[in-house]
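So the structure is just underneath, and the comments pick up after that.
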Amino acid sequence: MTTSKLTPIASQEKTKMNSNLLFFIIFCTSISICLADIGNLYDACPTNMTAKQTVFINGFPCKNFSRIIAPDFKTSKLNHAGDTDNFLRSSVNIVTAADFPGLNTLGLSIARTDLEVDGRVMPHSHPRASELFFLSKGVVLAGFIDTNNTLFQSFIKAGDVILFPRGLFHFCVNAGFEPVTAFSVLNSQNPGVVSISGAMLETNSELIDNITRRLISVPPSELKRISNTSLAKFSRIHTQ
C-alpha cells in the first residue's frame, strides 16, 4: 500500500488556501460585528448640556437616562423671525443637537428661513445633509445646481415643499410682495454650510444683485419683480 505525499509546491498551495479561507472567515465575522446594531441602542439620547466634553466623539454626550424630561424634546428656537436687517434681507437659523437636546443621535437638524421683500439666500450647500424646505408663508423661487451644471428651479407657495439634495448648491429668492417664512428639516445632526458668498465674494450689494439675476431664468410675465436673466454657462435649465 502506497502513501501519497504532497509535493513542496502543492503543500504551499494548500497552506495558502487555508490562510485565505481563515482570512475570509475573519473578514466576514468582522463585517457582521460592524453591521450589528447600526441604529440607536436607546429610545432617545438627549444631549447633556452641562457635561464637560473631555473626549471628542461623533456627537454629544448623553444625559443620564433617569434625568431625561419632556422639555428635552421641545424647542421654541424657531418661534420668532430672525434678523433680516442686512444687505441680503434674509436670515437662516439652524438648530442642531447642540441647541435642541432631543435631536442628539437621531441624525436630524431643523432650520428657519426668513426673507424680507427682495430678500434672498445666496447659493450654499450642506456637505452632510439633504434638506426638505417647507414654505409656510409667501412665494419663493428656489432651486439647486447639480453636478452636470444643470439648474433646477421652481416657484413654490405656502404649503409647498422643495428638496435640496445633499452637497448641491441651492438658493431661494423672495418672489412675492410680502415677507417669507420657511422651515427646513435636514438629515444630519451637523449638516454644515458651505457658502459661495461667504467664501469667495465680498459683501457688495451690486455684486450680489448681479449673481441673483444670473441665477434666475424666468420670463417677466411670470415674475415681474425679477429680471429675465439667465446664466449662459448652465448646461440646462429646468423651471417649473
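Every residue, even glycine, has its Cβ placed from backbone N, Cα and C.
According to TrEMBL, the feature transmembrane segment maps to 21-42.
According to TrEMBL, the feature disulfide bond maps to Cys45-Cys62.
The domain 'Cupin type-1' annotation in TrEMBL covers 76-209. Mean pLDDT for the domain 'Cupin type-1' (76-209) in this predicted model: 90.
All protein chains included, His126 (Mn(2+) binding site) registers 26 other Cβ atoms within 10 Å of its own Cβ. The Mn(2+) binding site feature in TrEMBL is assigned to His124, His126, Glu131, His170.
Taking Cβ-Cβ distances under 8 Å and a sequence separation of 6 or more, the neighbours of Glu131 (Mn(2+) binding site) in its chain are Ala111, Leu163, Phe164, His170, Ser184, Val185, Leu186, Pro191. What TrEMBL records for His126, Glu131 is oxalate binding site.
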Q | Extra residues within 8 Å (Cβ to Cβ centroid of His124, His126, Glu131, His170), Mn(2+) | A | Ser125, Ala129, Phe144, Phe164, Leu168, Phe169, Pro191, Val193
Q | Around the Cβ of His124 (Mn(2+) binding site), the count of other Cβ atoms that are within 10 Å | A | 18
**Q.** Other C-beta atoms that fall within 10 angstroms of the C-beta of His170 (Mn(2+) binding site)
**A.** 21
Q | Which of Cys45, Cys62, all disulfide-bonded residues, has a Cβ with the fewest other Cβ atoms inside 10 Å | A | Cys62
Q) What are the DSSP helix/strand/coil residue counts across the domain 'Cupin type-1' (76-209)? A) 13 helix, 60 strand, 61 coil
